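According to TrEMBL, the feature L-aspartate binding site maps to A:Glu165, A:Arg208, A:Thr343, A:Arg347. Marked as ATP binding site by TrEMBL: A:Arg208, A:Ala209, A:Glu210, A:Arg216, A:His217, A:Leu218, A:Glu340, A:Gly388, A:Leu389, A:Glu390, A:Arg391. The domain 'Aminoacyl-transfer RNA synthetases class-II family profile' annotation in TrEMBL covers A:142-417. The region 'Aspartate' annotation in TrEMBL covers A:187-190. Residues or ranges marked as site 'Important for tRNA non-discrimination' by TrEMBL: A:Pro79.
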There are 2 protein chains.
Amino acid sequence: MQRILSTELAGHVDETVTIAGWIHRRRLLKSVAFLIVRDAAGLSQVVVTDPATREQLEQLTEESVVEVTALVTANEQAPRGVELTAPVVKELSRVAVQLPFELHRPTLNAGLPAQLDHAALALRHPSRVANLRIAAAAAKGFRAALEAQRFVEIHTPKIVESATESGANVFKLDYFGRPGYLAQSPQFYKQLMVGVFERVFEVGPVFRAEPSDTARHLAQYTSLDAEMGFITDHRDVMAALTLTLKGMLGEIGILEDAVRSEIPAVHFSEALRIAGAPEDEPDLAPAHERALGEWALREHGSEFLFVTGYPMRKRPFYTHPDPADPTWSNGFDLLFRGLEIVTGGQRLHRYEDYVAALQRHGQPLEPYAGYLDGFRYGMPPHGGWAIGLERFVARLTGVANVRETTAFPRDLHRIAP
Amino acid sequence: MQRILSTELAGHVDETVTIAGWIHRRRLLKSVAFLIVRDAAGLSQVVVTDPATREQLEQLTEESVVEVTALVTANEQAPRGVELTAPVVKELSRVAVQLPFELHRPTLNAGLPAQLDHAALALRHPSRVANLRIAAAAAKGFRAALEAQRFVEIHTPKIVESATESGANVFKLDYFGRPGYLAQSPQFYKQLMVGVFERVFEVGPVFRAEPSDTARHLAQYTSLDAEMGFITDHRDVMAALTLTLKGMLGEIGILEDAVRSEIPAVHFSEALRIAGAPEDEPDLAPAHERALGEWALREHGSEFLFVTGYPMRKRPFYTHPDPADPTWSNGFDLLFRGLEIVTGGQRLHRYEDYVAALQRHGQPLEPYAGYLDGFRYGMPPHGGWAIGLERFVARLTGVANVRETTAFPRDLHRIAP
């Protein structure tokens with residue numbers, strides 16, 4: 001018999017159907033036994049009175065996998081108004097060990113290390129499932145919104161020749177007998193691909209050999225990158241990001257209306273003033289970001305706020321300066337509820353500007369040869385952004401640790417499972 | 001003035017518009033100059049008679065980036081029946097070097113190594129653009145078809161603790177002072193995630209330290225992985241793959257009708273007979289696959305052919321045997337025009353079967369601990385497949401070398417750009 005999902009039961013009252021899933025909970029009372037079966041869609045209640053079936057259930061502990069063929073019976077007290085009666089239970093896979101923690105409680109009764117050690121089990125808990133579904137929806141919304149704006153998906157190398165972009169914190173590997181490094185971002189490649197498609201995006205892993213063990217850092221995370229050509233300045237990038245963010249939140253199904261058609265923006269120098277910071281501060285501290293978040297909500301009724309024009313000296317060498325005053329950049333951050341969740345901006349696009357910028361940063365040209373080559377061959381004004389998927393989901397859901405938003409996190413201490 | 005695309009010109013005859021792009025070709029004749037401008041959508045012809053503009057053009061060699069504001073004029077001889085006249089040309093980025101090869105010829109007049117050395121330029125050639133667009137469409141179609149079948153996207157670790165799945169050919173790295181390895185596939189993780197979502201997929205990089213320098217091998221490629229639970233056997237996986245393949249080809253816009261609702265399938269033992277191979281052959285040689293491709297076209301009018309039941313001794317340890325005869329597996333390959341493009345099958349799902357299989361393969365359990373843990377906690381019968389995106393595109397387009405289907409290939413000799 002064709003299996004149906006738990007959510008489809010209500011449409012089959014008084015019919016015999018087959019469901020399948022994990023034994024989420026088993027309650028063996030004196031005269032009756034209840035089985036809660038969990039499938040990808042939800043939970044079903046199975047009522048067992050037959051002594052032989054009850055005996056069978058005594059062997060099947062929580063998380064065993066079963067197929068249940070039974071009569072769908074209306075019962076107002078049961079989930080979604082239906083339960084399954086007179087079941088025939090077929091065992092698909094039996095759990096023979098004690099579970100390290102229970103899944104049927106509202107919160108997981110285990111510390112985060114134990115959850116991560118047994119990720120294959122912990123990830124089945126509804127709270128973890130919800131976070132991973134949000135991550136999947138965010139990536140789907142990101143792609144769909146960009147494709148609607150003519151962006152083309154690319155796949156770029158994760159093994160690179162030089163430890164360039166931020167120098168330190170890079171994983172080194174043996175590449176056929178010579179050194180190679182894991183890419184910290186697709187930055188250089190997505191810029192080169194603007195020369196091919198004008199507008200590109202990539203959803204993929206990036207790697208940071210981050211030596212600090214915090215609730216915000218992962219050694220591998222999923223970066224949502226976009227880059228676009230033929231812009232006037234960073235404001236075109238901010239407009240494309242705004243549309244994309246709206247698409248992402250729409251796909252997730254929350255907060256879509258919180259994204260205005262134009263998100264409020266303040267210049268960095270104004271942001272310092274609002275946050276009450278000294279006017280020579282080169283960057284925004286977490287407390288400043290929080291103050292700006294409160295200000296944006298109070299003054300503009302917006303949970304999102306762009307801060308533009310960060311000082312050139314704090315931005316990477318490929319950042320385009322503000323033509324009106326090259327102390328400031330055409331770079332921006334997007335704050336969400338007082339925390340930076342996106343970094344972006346306009347990039348340099350002329351070869352000679354790159355050569356000058358690297359010299360100013362005291363960097364040799366040679367490690368950047370393959371990247372700079374592309375700018376010799378004609379590149380339009382362009383810019384883009386990167387969103388860290390896990391941090392974005394953490395901020396949306398309010399979970400305290402970014403490790404709870406990804407399936408199998410990697411950090412300073414953890415390389416398994 | 002808002003820029004429009006080359007493909008939109010025909011809708012603006014007798015209007016003044018702005019286009020932007022790369023100088024694809026420049027022809028300086030005696031009394032007139034022609035400029036072919038390339039943007040992401042196509043080519044536009046610009047006619048220059050004004051002496052000052054012509055002088056400006058003499059400085060702007062091919063691949064320089066320009067913005068052109070001009071009158072759209074009907075001309076039957078021009079591409080799409082329109083050309084731009086009386087242009088004002090604004091230089092956005094000038095090319096000051098000799099190009100290593102020309103882009104405006106139908107085929108790139110440079111060998112593959114030169115193309116790969118100057119990838120940022122070579123990838124702009126229409127032939128390379130077309131391949132990359134097919135790759136993007138294939139991935140898009142893959143995801144959409146799977147989402148329609150309730151699959152959920154996952155992101156799994158690319159850095160792993162043990163060099164397990166196929167042992168050799170793995171990149172080793174320094175992970176915070178201890179050894180780590182780049183994942184050769186998401187196989188184990190996607191299986192564990194069946195316990196969470198029942199059906200999952202991942203589009204991501206995989207890494208093979210492949211020591212042979214062939215037209216088919218890359219050190220990094222994009223793997224299109226799917227895995228699904230609650231199957232009866234491998235035939236459920238083949239049915240889901242068939243639907244997915246149809247979605248991929250539909251999105252690419254070719255061959256969709258070549259995928260039947262049921263692709264013909266032959267058992268491995270029958271495949272050997274058809275190919276005229278000895279009946280004790282453990283695998284299909286390329287010549288056998290070609291013979292089977294011809295047979296499928298002749299006997300079934302199909303460009304695709306499933307070969308099922310590969311011998312257990314040639315498949316990985318996690319392969320589920322054929323319950324009727326455990327010499328054979330519930331594993332399959334999909335041949336397209338006589339070449340394997342997908343490998344898949346049913347996997348083991350019981351912990352004790354994994355322990356026995358690893359012992360039979362003479363493998364210790366310990367490196368697989370994190371993986372096996374998931375099977376202790378109840379896993380349904382499941383299976384899945386993997387498609388190598390670059391090989392798939394190469395087979396579709398007929399390009400001889402898989403390096404022509406990806407932007408910045410990595411191989412035994414190449415780690416840049």
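Cβ coordinates are placed from backbone N, Cα and C, and glycine is handled just like the others.
These numbers come from a predicted model, not from an experiment.
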Could you give me three numbers for the region 'Aspartate' (A:187-190), the DSSP helix, strand and coil residue counts?
4 helix, 0 strand, 0 coil
A:Glu340 (ATP binding site): tally of other CB atoms within 10 A of its CB:
17
Per residue, counting other C-beta atoms within 10 angstroms of the C-beta, which of the binding-site residues A:His217, A:Arg347 reaches the highest number?
A:Arg347
Cα within 10 Å of A:His217 (ATP binding site): which of the recorded positions A:Pro79, A:Arg208, A:Thr343, A:Arg347 qualify?
A:Arg208
Cα of A:Glu210 (ATP binding site) to Cα of A:Arg347 (L-aspartate binding site): how many Å, rounded?
25
Rounded to a whole angstrom, what is the C-alpha distance between A:Pro79 (site 'Important for tRNA non-discrimination') and A:Leu389 (ATP binding site)?
34
Can you tell me the three-state DSSP label for A:His217 (ATP binding site)?
coil
Give the helix, strand or coil assignment DSSP yields for A:Arg208 (L-aspartate binding site).
coil
Pairwise Cα distance for A:Leu389 (ATP binding site)/A:Arg347 (L-aspartate binding site) [Å, integer]:
22
Express in Å, rounded to the nearest integer, the largest CA to CA distance found among the ATP-binding residues A:Arg208, A:Ala209, A:Glu210, A:Arg216, A:His217, A:Leu218, A:Glu340, A:Gly388, A:Leu389, A:Glu390, A:Arg391 named in the record.
21
Close in space, distant in sequence - A:Arg208 (L-aspartate binding site), Cβ under 8 Å, 6 or more apart:
A:Asn169, A:Val170, A:Gln184, A:His217, A:Leu218, A:Ala219, A:Gln220, A:Tyr221
Report, in whole Å, the straight Cα-to-Cα distance of A:Arg347 (L-aspartate binding site) from A:Arg391 (ATP binding site).
24
What Cα-Cα separation, expressed in whole Å, is found between A:Glu340 (ATP binding site) and A:Arg347 (L-aspartate binding site)?
20
What does DSSP say about A:Arg347 (L-aspartate binding site): helix, strand or coil?
strand
Could you list the residues of the same chain, at least six apart in sequence, whose Cβ is under 8 A from the Cβ of A:Thr343 (L-aspartate binding site)?
A:Gly331, A:Phe332, A:Asp333, A:Leu334, A:Trp385, A:Ala386
Which of these binding-site residues has the least crowded Cβ, counting other Cβ atoms within 10 Å: A:Leu389, A:Arg391?
A:Arg391
